[in-house]
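What TrEMBL says about this one:
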- 24-94: domain 'S1 motif' (DOMAIN)
- 112-178: domain 'S1 motif' (DOMAIN)
- 192-260: domain 'S1 motif' (DOMAIN)
Amino acid sequence: MIEVNDKNKFADILEKYKYNLHSGDIVAGTIMYKESKGFLVNIGDSTAGYLPKEEINIQPFSNQKTLNLFINITRDFFLIKKNPYIKQYIISIKRLEYIKSWKRIKQLQLENIIFTVKIKQINKGGLITYLEGIQGFIPKSHISLYNNLRTNLLHNNYIKCKLLITNEQKNQLILSNKSALLKLSVHKFRIGELIYGLIIKIKQYGLFIEIYGMIALLHISEVGSTYIDSLNKVFYIGNLIKIKVIHIDIKQGRLSVSKRDIK
């Protein structure tokens with residue numbers, strides 16, 4: 001933090017080095033006054049800085065009284081533009097934090113890190129959460145079927161995830177719970193491995209099988225060498241069957257198994 005003993009300190013420095021402010025610059029300043037729609041900020045220039053309320057934080061404030069705590073705080077700001085009509089620089093904290101957040105997110109993706117996020121909302125398509133202040137989405141297809149989407153997760157407000165898709169330009173953040181669980185699995189699955197699994201769900205296109213806490217798909221085409229008209233006539237939920245691991249996709253968190261040629 002910069003200590004400001006003189007309101008003209010920044011102005012003197014700018015004058016000395018003949019520095020001109022431009023859109024996109026990072027500037028230091030002190031929040032001086034609170035107005036109805038924002039704050040006046042001393043950024044050391046003959047033109048004052050103005051911080052609109054909507055440019056304070058990536059996530060909305062739950063308590064407006066918190067805004068009063070900003071007075072006399074000195075920090076960095078992102079310079080959006082100069083408003084020639086009122087002779088003020090429009091500045092932002094939110095956009096600066098947005099830049100920093102995406103840098104941290106890219107580092108998490110680069111290092112392939114598993115993290116825990118808090119569930120903010122549940123809808124038909126999946127879960128809404130936040131990572132480094134940026135809203136993220138966990139599609140239902142990337143949530144382990146071992147958990148009941150509408151019950152268990154409501155009582156467990158945190159979920160382990162990995163980054164699946166990141167797009168800073170579109171502000172898009174897609175996470176995967178299944179990928180994180182597969183990487184964390186105590187049992188290290190191998191292609192060709194023979195293993196026993198528990199049938200937990202039967203669909204027209206195949207069986208969902210629990211293996212060491214992970215969910216694998218046994219597609220109908222891999223059930224056997226002969227055609228089966230209805231899986232429900234042959235298999236039952238709760239049955240333990242012998243299968244072979246044929247595909248492992250860590251990134252997507254997918255396991256595929258087969259019963260072909262297994263005695």
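Including glycine, each Cβ sits where the backbone N, Cα and C put it.
Automatic prediction, not curation, is the source of TrEMBL annotations.
Mapped onto DSSP classes, the domain 'S1 motif' (112-178) shows 9 helix, 36 strand, 22 coil. Averaged over the domain 'S1 motif' (112-178), the predicted model has a pLDDT of 85. DSSP states for the domain 'S1 motif' (192-260), grouped as helix (H, G, I), strand (E, B) and coil, give 6 helix, 37 strand, 26 coil.
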